[in-house]
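> The structure follows.
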Amino acid sequence: MTDTAQILPTTLEQNPQNTSKKPLLGVNVDHVATLRQARGVGYPSPLAAALLCEKAGADGITIHLREDRRHIQDADVYEMAGQLTTRMNLEMAATTEMLDIACQVKPYWVCLVPEKRAELTTEGGLDVAGQLASLTDYVSQLQAAGIKVSLFIDPEDKQIEAAVNCSADAIELHTGSYAEAGLAGKTDRVNVELERIKNAVITAKRLDSKLLVNAGHGLTRDNVHAIAQIDGIYELNIGHALIADALFVGIEQAVIMMKTAMHR
């Protein structure tokens with residue numbers, strides 16, 4: 001039986017600095033919308049899934065409103081903004097259209113991510129260093145609207161430094177290379193990628209002790225524990241693997257199982 005203390009969600013009124021050593025769990029429900037859009041019908045509901053995730057102990061809900069609207073739709077964003085009881089984390093590209101939507105909806109978090117129309121999923125981190133001036137202005141506009149801003153980046157010193165220079169509230173470290181190495185059975189590469197992530201957290205905290213450090217992409221119950229054990233990780237955002245688990249055990253149990261894997 002899972003310890004109840006491990007599955008209680010963190011609401012907006014609770015300490016946003018997460019003073020416990022255990023990272024929070026943000027659940028991405030994009031692929032509930034993927035299933036819906038496959039038929040172009042009104043079900044299943046990403047909102048209903050998100051509410052069940054919160055009930056089961058998710059500390060936040062992540063959705064990615066892509067420019068091509070391949071899964072999450074505008075209506076989903078507005079619905080969730082009015083009904084979630086934890087934090088909404090809206091992933092989006094740094095475009096004028098998305099800025100307008102975010103400033104209307106005012107999610108608790110916006111996470112800026114790169115987008116390519118041909119990609120199946122986000123393939124890498126945002127090049128903050130290469131577009132520092134424009135992103136600094138974009139981040140400041142979101143923050144002026146009362147929105148906290150995270151930047152999805154690869155675990156590289158130059159990108160972390162640029163994120164700090166942008167005055168971002170958080171970074172989310174891309175764990176895709178770590179996850180892919182594990183799937184390929186490349187143990188040595190897994191260890192290398194894990195060290196990169198650990199060093200990135202150290203660098204981030206050295207440059208700005210108040211910067212929150214999240215992580216995500218490709219995390220599963222099999223590989224999440226090593227990431228969750230890294231000192232300084234604030235939150236893990238997990239979607240595809242958790243929704244896949246939900247097909248067999250239900251979404252509430254999938255959330256509980258993921259938290260158990262994180263904190264075992």
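One-based numbering along the chain as shown.
Here the Cβ of each residue, glycine as well, is placed from N, Cα and C on the backbone.
Here Swiss-Prot flags 1-21 as compositional bias 'Polar residues'. What Swiss-Prot lists as region 'Disordered' is 1-22. The 3-amino-2-oxopropyl phosphate binding site annotation in Swiss-Prot covers N28, R39, G218, G239, H240. For D30, H31, R66, H71, T121, the entry in Swiss-Prot reads 1-deoxy-D-xylulose 5-phosphate binding site. Look at Swiss-Prot and you will find H64, E91 tagged as active site, proton acceptor, backed by sequence analysis. The feature site 'Transition state stabilizer' is assigned by Swiss-Prot to E172. Per Swiss-Prot, active site, proton donor is recorded for H217.
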> Determine, to the nearest whole angstrom, how far the Cα atom of H240 (3-amino-2-oxopropyl phosphate binding site) is from the Cα atom of E91 (active site, proton acceptor).
15
> Please report the distance from the Cα of R66 (1-deoxy-D-xylulose 5-phosphate binding site) to the Cα of the residue listed as 'active site, proton donor', rounded to the nearest angstrom.
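Pair distance, Cα basis, whole Å: 16 Å.
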> For H31, R39, H64, H217, H240, listed as recorded positions, tell me which one has the smallest number of other Cβ atoms within 10 Å.
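Comparing Cβ neighbours within 10 Å for the recorded positions H31, R39, H64, H217, H240, R39 has the fewest.
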> Taking DSSP as the reference, which of helix, strand or coil describes E172 (site 'Transition state stabilizer')?
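E172 (site 'Transition state stabilizer') sits in a strand per DSSP.
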> Out of H64, H71, E172, H217, the recorded positions in the record, which is closest to N28 (3-amino-2-oxopropyl phosphate binding site) when you go by Cα distance?
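For N28 (3-amino-2-oxopropyl phosphate binding site), the closest Cα among H64, H71, E172, H217 is found at H64.
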> Determine, to the nearest whole angstrom, how far the Cα atom of E172 (site 'Transition state stabilizer') is from the Cα atom of H217 (active site, proton donor).
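So the Cα of H217 (active site, proton donor) lies 10 Å away from that of E172 (site 'Transition state stabilizer').
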